[in-house]
Structure formats: structure tokens, C-alpha cells
């Protein structure tokens, strides 16, 4: 067993060193062994000693030696192996759904940019429509002229396309104004709605006290005449109210406003209409006339269900099936346009795409992928609790998506100069990725390097270090911002080699890189003043050839997304480790 254990430790340590370019990770190697030989858990000390021995042996090898040894003892590692398909997480079956007869809607209001909560809601509706071979309607809820802006219609469509969410039909609520007028008049004619000329404050007080105002006694003819007058009235003078139930425990049902005068041009309809429906009236009608079968939405609208069903009942319209889930929040980040907009207006964040925000544009800019947002939605599901999403979940799922496609590069922050006196000019090949098939990148080496300030501060004269994936050096002199060293191929004992520190480097042929590091925006109720920092350093010259939007990994630093390429500098945004 002992010999087999040492062979297994050596194999997994080689694999770990080959995949991740450096000293094998003892914890990871031990975990692999325990998974293959669970009976060895009771001999943990022996396993750890075997792993330490393998790591000591491998630490003195070059990259070529590691690869050759691995090919010799485990050639199957380099064979093309069919990857096990990860079983996708599925959302629960949709209640009352029939194949080919499911219609859902994506109902954004064009008054801002969507955030992760909208994205997850969009995904739920899209997911179920596609699962049941149904139809998705993109319907802009644009019946509040003072809040809607033309730019948001296109912005929302762009965000949906980036999220890989498609739709089969596109509608604007504002295109159906004549329909709302018809149904409003129908309610008046059957005595279920009346024109009210009370001011908003007085109406609010009466509703709180469960009392009618005198306007409820208007005759049908009086209300029809007042409707005509309302068309040219000043804003705030009249409103059309539904005859509900002033004694209802659900205050939404206490004679709510259905239509009101809004004296403001609409981004699409212009000045064509002055009487506009409130959300509940327009939504109740649209969900029915568009044939929506299932409405999936957060439970902030729970009190509205009774009202909307009541409106549809009065108008002989069909009710859709309503499926509710709790609102999502992300720890330390605002998840509503109501909270985000003031931050932008006060210049506390740079805009809707600030990488500290969980807007779709902020997440995209940070390097979070559409697939990760889908996975977050599937992970949380149609939860009835109040889920608080931690950034670690988003990062973990995003890492699963980008790890296999993100090329690796060297980057050093707070760079300090290192000169190796006896180094030869040469071109070396470094793996682009742990996946052997992704190829190599060429790096020209002389004797001039930069290392990170964090490594620099711990270096002392006479110390032996290893430049990662290159060679060992002996430190000759340490000055304020300069280290002088020489290459050394001197043989060392296993114990000495295990203690040799490996450090990251770039050559003097590099590119300046600024890394924007977003953090948690809120600490409790307060803005975190350190929520956005910048790390400056040098990266491999090839980083300057990347494209904006590309996601890569800076080894021993983390995943980053290229934000901007300038002639003398590359700006990236840190995504996560």
C-alpha cells in the first residue's frame, strides 16, 4: 500500500503542477488521493507525508521535466477524454402548463437600466416559455410619460440580447391607449367607475378611513360628461376611480385610481394622449388581451392580484395564472432603480454600468457572464423566502463558466526592477491555459524583469528564489527599488528546494496595466468609501493585443475583463479570484 500511495501522490502532484504552473497544492493533491482511496482517511498522516515527499521531488523540476514525467507515468492524462456532462439544474414544473400553450411576458418599464433582479425574472419567464414550446412577449410597460425615456427601450433590448434571452413578439402598452379608453368608458357605463375631482391628499385620507367621497354619487351621465371635460383638464384636477370596496382589508381595493391626467409628452406617443392608465389597470387588460397564460413575478405585487382579477372580472376578461417568488437582494448592493438612480445623480457611482452595481451593464462590465446569471436564477429558484445573494455565489458560478476559456497571463502590481546579470537572451513558451490544447505564448527573455512590490519587500541578500516557470536566481544586492541577482543552477537538497519561493515576473518589454477593483458598495446603511480601488502594475506585452470585453486570468491575481485599450495602457476590471 505504501508504494502505491507514493505513486499516486506523485501522479496527482505532477498533474496539479502541470495544470496550475507552480508548486503543487498539497491540500488539493491530498483531496484527490482521499477521493480515490477513501480507506486512507484513517491514515491521514501517512498520506500527508507521501504528498509532501512528492511535492519536494517535483519542486526542483522544470516545466518540461514535469510534463515529461507526467507523460511517462500517466499518458492517459493527455488523451482526449469525453467530458462528463454536468446535469443542468432545473426549475420546478410550471403549474397548469400545457405543451405548446404557454405564453409569458417580459414586462420592463423603460425608466432605467435592468438589474440582476430583472434579469432573473426575465430568465424565469423565458425559461418556462421555451421549456413548454410556448411564446415570449416583450411588453414595455410605458404608461407613465414622466418617467419613460426613449433611450431605455433600446437599452433594455440590448441587455436582453446580451443575457441571451429572446422574444417572439414585441409590444408597447402605450400603443393600446384607445383600448384602455374603451374599457374605462365600459366601467363608467356599467356604474363601476366614477370621475373624482378630489385632491390626492384628501383621497388618501378617505381611503385610510374607509370613507367614500361625494363623487361616488355621480350618475353615469355625469361621469361621461366629466370624462369629456377631463380630456382637457389640468393635471391633478380629475381622476377615474374604480368602485371597489372601501371596507376591504386590502387597501389596494379601496376605490383605487384607474386613469389620471398626465400633462407631459410621451417618448413615443408625444402629446396625443393626456389621460393615462395606472399600472394595475393597463396590466390587468394587457395580460388578458395578449393571451398571457402565466405571469411569473416577485411578490411585491401580491396585493395587486385581487385588484387586477377584479378589473378583469368586471370587463369579462380571462385571468392568467400568477406565480410569485420573493424579491432578490444582493449583499451590499442596491437592487432597485429607485435606490440606484440617486447614487448616479449624486455621482457616488459613475453610471448604470458602474462595476459595483448589480445592473446588467455593471455585471457585464465586471466580467460576469449571462450563463452565470442564468445559473444564479436556477440556484435560487422560485423561492418564497427572502434570498440574499452573496457575491461568493455569483463568483463561484461565474468561475465555472469562464475558467475553461480564459487565457492566462502574468501581471505584477507595484512593480520593482530585478536585474539578472548572467541571464541569456532567449524565447520561452508559457502555457496559455492549464488545458494543454489551448497552446502556448512566446515570451522574450533577457535579464531585466519586474516583480511585485509584495514579493520585493520580503527579499533579502543571499536568498535563492525561483522565477515562476523559468529558473532559480541568487539575490546579490537589494536596494530601494532595485534587486540585483544572478541565475543559479546550483543543486540544492530536497529540503532547501521545498523552501524556495516562486515569484511572478514580467520582462522589461511589458505594458502598463491598471486594474479597477470593485468592492462591496454598502457597509450596512453607509456607502463604503473604499468600494472602488485601482491597482497599477505591468503585464505581459501580449496583454496589449487583447480586445475590449475579453476575459482573461492574471495568474496569482484573479480573473479580469478588459475595459479599455489605450496606446500606452490597458485598463481591466477585476472580476474575482
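Just so it is clear, glycine is given a Cβ too, placed from its N, Cα and C backbone atoms.
TrEMBL entries are annotated by machine, without manual review.
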Residues flagged as motif ''HIGH' region' in TrEMBL, choosing from 75-85, 86-96, 97-107, 108-118: 108-118
For the domain 'Glutamyl/glutaminyl-tRNA synthetase class Ib anti-codon binding' (407-480), the number of residues DSSP places in helix, strand and coil: 7 helix, 37 strand, 30 coil
Mean predicted confidence [pLDDT] for the motif ''HIGH' region' (108-118): 95
